[in-house]
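Student: According to TrEMBL, the record shows the following:
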- 228-255: coiled coil (COILED)
- 339-442: domain 'Sensor histidine kinase NatK-like C-terminal' (DOMAIN)
- 6-22: transmembrane segment (TRANSMEM)
- 34-54: transmembrane segment (TRANSMEM)
- 60-77: transmembrane segment (TRANSMEM)
- 84-102: transmembrane segment (TRANSMEM)
- 122-141: transmembrane segment (TRANSMEM)
- 161-180: transmembrane segment (TRANSMEM)
- 192-212: transmembrane segment (TRANSMEM)
Amino acid sequence: MKLILFFLEMTTSIGLSLVLFSKISGRQLTWLEVAFSTFLRIGFAVFFTIANYVADISLLNYWSLPIYMVVISWLLLRPLSKTLLIFYGLFPITLWSLWYRLLGFFILPLFKLDYHLTNDGFWGIFTDIVSTLMVFLFLRWLRYDFRALRINLLSDRDKRILGVTNWSMVSYYFLIQLLAYLEYELAVDTYAYRQCMMLGYWIIFMGTVARLDRSLRDTLQERLTFQRELQLANIESYSRQIEELYREVRGFRHNYSNLIATLKFGIDNDNMSIVRSVYQSVFKDSNKRFRKQKYDVGRLIHVTDTALKSLLAAKFSQALESGISVSLEVPEDISPQGMELIDFLTIVSILCDNAIEAAVEASSSKITISYFTLDNKQLFMIENTTKEEKIDLSFLYDFGVSTKGDNRGVGLYNAMEIINRYPNVMIKTISQHHVFGQTLELRL
């Protein structure tokens, strides 16, 4: 019976730890990853048990859970920085530990139940589950969401607060587990010390987490403000392009009646030299004139969303200024659907920036952009010429990987992190014959 309870408690502990990790990090685990994580936890338990018998280092058993969670974080979120890996590894179990000890130290005694019951059988499982539920309620109540840390570039302020949070969690686990070791292994009464430490760290931890959340919200607000300013600048740029085209068309229209009158005079007087002169000087090259690529921006009229229209117009203008031939195809009225607008704009901006940077280096600089609806899908396609005949796509979306140089491949990694949040969105990539193409597919 004890063996069954032991395995049941271990399974519950592993499952709840992974659920909290997935919730806080935003990393959805596959069944294969869950199975691997479970066997790894069992492996940790076996290793520390053997190490305790061989070298009498039972103290390590008390730190096995935080070590295990940091290893899991490293394995599943490895491209992230060390600071984030430690945070995502320790934060779920630290928050859980605080609720667990709050229940054991202060809530259970109200019902005449001893704290040590939390270490045994069904009471231990019950306390584990209740503590996990309290973590979920706590996060929901205060609307804490730290998943954005994986996607957004952190400000120096965010990094400093994360560093302080990590050090506080490491210190907490080191000291609280050391006190537990002294009590359970060496029979030193540390109950009161652990109570005081838990209460003190509750205050420190909650203050640090609140500060981190406030910093993330401020950073997000700053980026939203920047995006709005950028959108306004893009709209102004688009408006200037349209005004320039309008002036050219108006000027042509102004001269059109005079040209027609001149042609009429030549025809009425059977003077072909006048007709030939007007044709050679004006009409002969007018078709070429209106085939210039700057007139293609008018095709964005079918993009009904102002933010997307202004963004594409700005990228179109940027590409032309860089000497890149650009082709735009938007055959019918369309607006982004299937994902949040800001996420769609972020991905489109990343794809366009990468295309411009790559096309500039190609011997024949060209970009083709298409945006249309097919059946029940929206497709945003972008192709650009490349200097290389073929680009290796194996690790293209990994953090820091880029065809543009070391540590410059953050954009596509961020794009993929956004896409992974939408089960109805996928991206396809091809590279062949000096052409690199990406298709963003949104199922409606």
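Glycine is treated like the rest: Cβ placed from N, Cα and C.
What's the neighbourhood like for these features in this structure?
Tutor: Mean pLDDT of the predicted structure over the coiled coil (228-255): 64.
For the transmembrane segment (122-141), the residues of the chain that approach it from at least six positions outside its boundaries are 5, 8-9, 12-13, 16, 19-20, 23-24, 92, 95-96, 99-100, 103-104, 108, 113, judged by C-beta separation under 8 angstroms.
Same-chain residues lying 6+ beyond the ends of the transmembrane segment (161-180) with a Cβ under 8 Å from its Cβ atoms: 59, 62-63, 66, 83-84, 86-87, 90-91, 94, 97, 101, 149, 154, 190, 193-194, 197-198, 201, 204-205, 208-209, 211-212, 215.
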Student: Taking the transmembrane segment (60-77) as the reference, which of 6-22, 34-54, 84-102, 192-212 gives the largest number of Cβ pairs under 8 angstroms?
Tutor: 84-102
Student: Checking distant contacts: for the transmembrane segment (192-212), what same-chain residues at least six beyond its ends satisfy Cβ-Cβ under 8 A?
Tutor: 94-95, 98, 101-102, 105-106, 142, 144, 146, 158, 161-162, 164-165, 168-169, 172, 175-176, 179-180, 183
